[in-house]
């Protein structure tokens with residue numbers, strides 16, 4: 001059995017790696033993703049996944065209110081977490097499967113960390129959106145201040161979108177060793193499937209916008 005000291009050391013080391021890579025995906029994404037694509041120290045995904053789960057708890061409180069019935073909050077939270085876990089697994093399987101079909105070299109281990117860290121822009125956007133909805137609930141005014149706020153939030157969203165696109169590219173480029181052309185082909189397959197899946201999630205009332 002692994003001793004408590006060794007277990008604590010592993011946990012501490014993975015937390016340090018998590019913090020280091022969180023900074024890296026902002027400052028030096030290419031170098032960071034080269035390290036992530038090695039598929040080492042997979043436990044570092046746990047803090048990020050816990051942050052995702054924490055968001056779903058926050059989202060349930062914001063959507064239903066803190067005075068809502070506990071069963072309603074629990075059901076809403078459970079539905080979001082289940083939807084996220086299923087989506088997370090399906091996306092990774094799809095990325096690996098499609099990449100291998102078109103000649104990619106890699107597997108679940110080499111793509112797990114890169115894709116998980118690509119959730120950072122997603123988490124930031126969802127947290128920001130729910131916070132803005134709480135602080136500045138619609139309908140918003142058509143005044144100069146209201147229009148300026150909308151413009152700033154749109155610019156912020158576009159920045160996160162392009163950041164997400166870069167991390168998606170690096171996930172396939174370094175995690176599955178795909179060329180630019182093959183990434184384009186993979187995207188032609190993955191994006192329509194993702195759109196159909198997003199519609200299904202919306203119709204089931206799980207996510208209005210998929211958490212990917």
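Placed from the backbone N, Cα and C atoms, the Cβ positions cover glycine too.
Keep in mind that TrEMBL annotations are predicted by a computer and have not been checked by a curator.
Per TrEMBL, the features are as follows:
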- 42-61: transmembrane segment (TRANSMEM)
- 81-103: transmembrane segment (TRANSMEM)
- 115-136: transmembrane segment (TRANSMEM)
- 148-171: transmembrane segment (TRANSMEM)
- 183-202: transmembrane segment (TRANSMEM)
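Long-range contacts of the transmembrane segment (81-103) within the same chain: residues 52-53, 56, 111-112, 115, 171-172, 175-176, 178, 182, 185-186, 189-190, 193-194, 197, 201, 206-207, 210-212, each at least 6 residues beyond the stretch ends and with a Cβ under 8 Å from a Cβ of the stretch. Same-chain residues lying 6 or more positions outside the transmembrane segment (42-61) and placing a CB less than 8 Å from one of its CB atoms are 10-11, 14-15, 17-18, 21-22, 73, 76-77, 80-81, 84, 109, 112-113, 116-117, 119-120, 123, 126-127, 130, 211.
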